[in-house]
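If you check Swiss-Prot, you get these features:
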| type | residues | note |
| --- | --- | --- |
| BINDING | Ile24, Arg25, Gly66, Lys69, Thr70, Thr71, Glu132, Asp133, Tyr134, Arg175, Tyr185, Arg222 | ATP binding site |
| BINDING | Thr70 | Mg(2+) binding site |
| BINDING | Arg295, Arg314, Arg319 | DNA binding site |
| REGION | 4-185 | region 'Large ATPase domain (RuvB-L)' |
| REGION | 186-256 | region 'Small ATPAse domain (RuvB-S)' |
| REGION | 259-333 | region 'Head domain (RuvB-H)' |
Amino acid sequence: MIEIDRLVSTDVLNENEALVDRAIRPKRLDEYVGQSHVRDQMQIFIQAAKQRGDALDHLLIFGPPGLGKTTLANIVAHEMGVNLRTTSGPVLEKAGDLAALLTHLEPRDALFIDEIHRLSPVVEEILYPAMEDYQLDIMIGEGPGARSIKLDLPPFTLIGATTRAGSLTSPLRDRFGIVQRLEFYSVPDLEHIVSRSARCLQLPLTKNGAHQLALRSRGTPRIINRLLRRVRDFAEVKGEGKINTEIAIKALEMLNVDKEGLDYMDSKLLLAIIEKFQGGPVGLDNLAAAIGEERETIEDVLEPYLIQQGFIQRTPRGRIATQHAYQHFICGG
């Protein structure tokens, strides 16, 4: 329902953002910043598979949106020297959709399924023998005369990505030989990421300017790259194209993104709890009515980061604004 353009949203990129994102996306593991536990493990797994001449084990990547699951899938395929075919769970409506992709894979190729938790049960059933035995079971005909035939598939790697690992069925989850969780990024890692992005886009960005962007990026590369693009516009008009501390702070203030990465929607929610409901507890329906949003928007879009950062607590009686929330507004955000 929500129809607002939030800079701190982790929503999928629009077409223009996606074009820029592809230009700045790292291609190799040695360019991949942060997630050192993932990078070190994948380096070993990839090297071992290449030495044996095998396809890499099936890989499940999970974690919050915007942390680079698609980027990692592309890096894995590049490091393995294989093709990557890309699709998503909602797109694969029929078993035949998946069969068409699987039968066109070359040996050791990778198939990337984003939002794999949204696969239909019918399509998921096709995946089981494909992942385990590199075989495709296809039903020919209908009714009493229907028969099953098996097609051999070349060894391949399935790379699944999801924000909801808990929504995967056990049979599917258990067929992934490698499971990697992506964590939120530290401020130093985000500074490194945005500095690299600025170099790729030929934008002058100072170290302190990068720090200001990193502080407001909610631990998420997708957000920091989006902020960089918008601050660039401000810098070109107000700062001769250079992004330093002063320009970064002024631009982000104009864009209503404060030093903890909260935007006007976050502030609106927190101030409603504090001012209209004396800090809570307040039920979700009352809160939704107070700020003019749907309860699903609050639950799925606004609340997760505020809870994670300790601004809100969920209780059996409703939402409560924490001391951290009060302090945030006392100190001016």
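Yeah, the Cβs are placed from backbone N, Cα and C, and that goes for glycine too.
Where Swiss-Prot records a feature, it is marked here on the structure.
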residue : record           : CB count, 10 Å
Ile24   : ATP binding site : 17
Gly66   : ATP binding site : 26
Thr70   : ATP binding site : 18
Glu132  : ATP binding site : 12
Tyr134  : ATP binding site : 17
Tyr185  : ATP binding site : 25
Arg295  : DNA binding site : 15
Arg314  : DNA binding site : 13
Arg319  : DNA binding site : 25
Using the alpha carbons only, what distance in Å do you get between Tyr134 (ATP binding site) and Arg295 (DNA binding site) once rounded?
44
Site extent for DNA (largest Cα pair distance over Arg295, Arg314, Arg319, Å):
14
In the three-state scheme derived from DSSP, which category covers Gly66 (ATP binding site)?
coil
DSSP three-state call for Arg295 (DNA binding site): helix, strand or coil?
helix
I need the nearest neighbour of Arg295 (DNA binding site) among the binding-site residues Gly66, Thr70, Tyr185, using C-alpha distances.
Gly66
With Arg319 (DNA binding site) as the reference Cα, tell me which of the binding-site residues Thr70, Glu132, Tyr185 is the closest one.
Tyr185
Assuming the binding residues for ATP are exactly those in the record, Ile24, Arg25, Gly66, Lys69, Thr70, Thr71, Glu132, Asp133, Tyr134, Arg175, Tyr185, Arg222, what is the maximum CA-CA distance in angstrom, rounded?
37
Measuring Cα to Cα, how many angstrom lie between Tyr185 (ATP binding site) and Arg314 (DNA binding site)?
25
Taking the region 'Large ATPase domain (RuvB-L)' (4-185) alone, what is its mean pLDDT?
90
Taking just the CA atoms, what is the gap between Ile24 (ATP binding site) and Arg314 (DNA binding site) in Å?
38
Measure from the CA atom of Arg314 (DNA binding site) to the CA atom of Thr70 (ATP binding site) and give the result in Å, rounded to a whole number.
32
